[in-house]
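Asks: Shown below is the structure under consideration.
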Amino acid sequence: MSACEAVETQPENEVYVCSRNRMSSQEHIMQIERDIFTKASLTTAKRFREMNSLRKNDNGNIRKYNICCSSTVHFADYSLGLRLHFTLIKQLILIFFVIAGVSVLPLYLNYNGNYYLPSQVQSEMDFFTIGNQGSRPGEEKDSSEIEDNYLMIYISDTCCAGFFILMILIFFIVGNVKIINSLKNTHKISNFSVEIQGLPSKKVTEDEVKKHFSQFGKVAEVFLSRKFGSMLYIHTQRAELQEQIFLLESLDKMNKRDPKNNKKLEKLIKKKTKFDEVISKSDTSISYESLDIKNAYIVFNKQSDRRNCLNAYNRKNCCGCSLQKKEHRFRGKFKLSAFPAKEPSDIIWENIEVSSCSRFLRTCLSIILTFFILLASMGMIYYVKTSQSDLPTQQECLPYNEDTINIQDYPKDSTATFCYCQNLSTDSLISESTDKCSTYIGELSHAWGMKFLSSFGIILMNYFVKIIMRKLSSFERPKSQTDIQRKIFKKIFILIFINTAILTFLVNLNFPQLSEYIFHGKYKDFEKEWFLKVGSLILILMIISMGSPHLIYLGIAYPLGWCCRKNCYKSKKSQYELNMMFLGPEFDIASRTAQILSVVFTCYFYSGGIPLLNCTCFIYLVIIFMTDKFLVLRHYKKPPYYTHEIYVTALFLLPWAVIFHCLVALFMFGNTEIFYIDTEENEKIRRFFGDIFGRRIEKPAGIVFFALILAGLLLVITLGFIQLICEIIITKILNKKVKDVKFTSVRREIRRTGLGTYDIRSNPNYAMIVMSMLNSDEDSKRFIDEAQENSNSEKD
């Protein structure tokens with residue numbers, strides 16, 4: 001994520017301040033102060049919104065993009081990751097358009113299965129599952145018809161899975177081509193830089209390091225990163241509090257409010273006081289040069305020199321041990337390690353010094369907290385299961401045959417009465433509602449209502465999961481903003497998928513070997529009744545997900561923001577407050593992509609037996625593409641620069657959707673209660689895979705699904721090789737493009753779009769924080785001189 005983010009006011013008057021347009025922290029605060037004490041101007045606020053939203057520059061005229069006709073290709077001008085986000089959705093739309101079209105055949109065959117009675121189902125959608133296939137107890141059905149339906153349904157499903165695998169491979173290649181074409185026209189300081197570890201912590205100068213690495217070529221810059229300990233983190237947190245306090249005090253002064261009555265301000269001052277106490281106990285009489293060295297960043301003038309440096313320090317012998325010549329060792333004795341450097345704006349400097357042990361402990365604590373979140377979700381799903389436990393299963397109804405018992409001998413709330421009512425048609429059930437079946441109808445309505453309420457509860461839980469996972473990802477103290485986004489994406493995706501798809505299945509699973517402790521649900525397999533009780537819950541969840549949360553933003557947040565800008569602007573007295581009203585919220589690609597992928601995985605996970613989920617997923621993708629495009633162009637503020645990392649990670653995960661689908665479908669189609677297919681037993685298969693798994697693989701569908709599972713695993717390996725090849729191609733293209741390009745010639749261009757140095761004292765997010773920690777006139781003079789030099793170069 002770029003460091004250039006706008007100031008925004010969050011709910012509960014929480015003010016977040018980040019540097020914009022690469023101005024220094026002090027300049028940024030001064031700009032905010034001017035806005036606070038400037039009389040509100042509607043024209044200025046509108047211009048501020050236009051400058052901080054996605055707009056088209058047409059010969060100097062700022063115009064809005066056309067929502068229907070504008071291509072998402074233009075989004076790459078603002079953020080490559082934003083363009084790839086919409087590319088991913090379009091690719092998934094194409095895949096599920098074909099899969100949903102093919103699913104029409106299974107939907108038709110399932111609906112005409114005639115196994116479920118109208119009184120058994122809670123909605124018409126239950127007839128579209130494979131649970132509606134087969135013959136009812138005591139009824140005879142043509143076995144050839146069952147085999148024909150089995151053949152057509154599993155062939156259509158396996159064809160879709162094979163198509164999915166093929167399209168993932170094609171889209172992965174196409175996506176990498178787009179990334180390569182985008183990177184052709186981009187210069188970054190990291191393309192010329194290496195990170196060096198292993199230098200002595202004391203008595204090392206930049207000139208000495210520069211002379212050592214000059215053996216590989218001309219060195220444009222050397223920056224020695226210092227060890228601040230925990231003080232940089234403490235000062236960073238204090239600076240954020242100080243800026244929030246300053247803004248709140250200025251707003252109170254502007255609006256003539258008493259700061260003593262501002263509880264938010266009082267709370268922030270107390271937090272700042274605690275940081276001040278910690279800082280006062282530390283040694284403040286330090287200079288930057290006296291701090292221990294952590295590592296070094298070497299910026300070469302040519303990329304070929306950078307590549308030679310990395311090759312020299314990454315040489316290994318046949319045993320994997322590092323081979324390092326004496327001339328490559330610092331001062332002839334210190335072995336060094338060289339790594340490709342990250343972008344300076346991507347580095348979170350206060351997290352670099354966090355030890356591996358500390359980061360590991362933080363990750364463990366994060367996992368423990370995540371586990372408790374899953375337990376809370378499991379409790380909610382378990383409550384839904386118990387709310388339906390009063391309704392008897394088909395197995396429990398077998399002893400109560402209508403021909404052998406007199407229903408008048410049983411009370412209304414007995415199992416026999418419930419079984420009797422369950423087998424009635426809808427018209428008969430309504431006529432019996434005032435007599436024997438009134439209690440049954442009440443229980444059925446309660447179970448149906450709880451299913452909808454629990455679906456909304458799980459969706460709400462998923463919303464809080466996003467917030468908690470963002471906090472936990474930052475708590476783990478990763479080294480870069482890219483790592484944070486990647487962690488957020490993976491955590492949210494995995495947790496929502498488990499919460500929605502896996503826990504719902506596990507809570508209702510009955511595993512005899514462990515039923516005394518866990519897994520004491522009703523269903524040992526994907527039985528016909530499983531599709532009525534559990535399958536319908538999952539389908540309802542996915543239908544609700546079609547509108548959550550994007551349609552809420554479209555139907556509530558966007559109209560509310562538009563209404564406030566039209567009618568409530570007069571209530572804002574300062575230009576700052578009015579600008580914040582006109583500034584849109586941030587579009588979080590990591591959370592949104594994770595949500596999309598969790599819906600795709602959940603729908604395709606169970607779509608072998610519930611093909612209606614394929615249609616649901618297709619409609620969901622179309623809706624989210626249109627709403628996201630509309631909101632990005634009309635509601636959200638201009639996004640920071642996202643890289644291609646999330647897009648590539650999402651494509652790497654997609655083969656597992658096919659693998660999981662085939663594994664679940666193998667069990668569904670292998671259940672003899674649904675499709676009784678007579679096949680010869682294969683002792684070798686059952687001996688190798690076990691009885692439970694083996695008797696399903698030996699069926700025709702099982703063989704094909706198992707082959708597709710192997711194909712999916714092969715695809716995972718293949719994507720890794722393709723990614724490696726693409727990285728080599730990118731390197732060659734960039735080397736060819738910049739063969740004669742020198743860092744000194746493109747540094748000015750780099751500074752216009754990002755940071756042109758690794759010096760933390762020239763980083764607008766850290767400059768004033770670092771200087772406040774040091775008491776060195778020499779450091780202060782150097783910082784001022786470099787800041788002035790950078791400012792002059794940008795003006796030129």
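Note that Cβ sites are derived from N, Cα and C of the backbone, with glycine treated the same way.
Because TrEMBL annotations are produced automatically, they should be read as predictions rather than curated entries.
Quick caveat, the model's predicted, so the values are computed rather than measured.
Grabbed the feature section from TrEMBL, which reads as follows:
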| type | residues | note |
| --- | --- | --- |
| TRANSMEM | 92-109 | transmembrane segment |
| TRANSMEM | 151-174 | transmembrane segment |
| DOMAIN | 192-272 | domain 'RRM' |
| TRANSMEM | 364-384 | transmembrane segment |
| TRANSMEM | 448-468 | transmembrane segment |
| TRANSMEM | 488-511 | transmembrane segment |
| TRANSMEM | 531-557 | transmembrane segment |
| TRANSMEM | 604-625 | transmembrane segment |
| TRANSMEM | 646-669 | transmembrane segment |
| TRANSMEM | 703-730 | transmembrane segment |
Asks: Determine which residues of the chain contact the transmembrane segment (92-109) at the Cβ level, with the cut-off under 8 Å and only residues 6 or more beyond its ends counted.
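Replies: Residues packing against the transmembrane segment (92-109) from afar: 128, 130, 133, 149, 152-153, 156-157, 159-160, 163-164, 167, 596, 600, 607, 611-612, 614-615, 617-618, 621-622, 625.
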Asks: So, taking each listed stretch (364-384, 448-468, 488-511, 703-730) in turn and counting its Cβ pairs to the transmembrane segment (531-557) that are under 8 angstroms, which one gives the highest count?
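Replies: Stretch with maximum Cβ contacts: 448-468.
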Asks: Are the transmembrane segment (488-511) and the transmembrane segment (364-384) near each other by the rule of at least 3 C-beta pairs under 8 angstroms (pairs 6 or more apart)?
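Replies: Yes; at least 3 Cβ pairs under 8 Å.
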Asks: With DSSP helix as H/G/I and strand as E/B, how many residues of the domain 'RRM' (192-272) fall in helix, strand and coil?
Replies: 49 helix, 13 strand, 19 coil
Asks: Considering every residue in the domain 'RRM' (192-272), what is the mean pLDDT value?
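Replies: Across the residues of the domain 'RRM' (192-272) the model's pLDDT averages 84 on the 0 to 100 scale.
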Asks: Please check if the transmembrane segment (703-730) comes into contact with the transmembrane segment (151-174), where contact means 3 or more CB pairs closer than 8 Å and the residues in each pair are separated by 6 or more positions.
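Replies: Counting Cβ pairs under 8 Å (6 or more apart in sequence), the transmembrane segment (703-730) reaches the transmembrane segment (151-174), since there are 3 or more.
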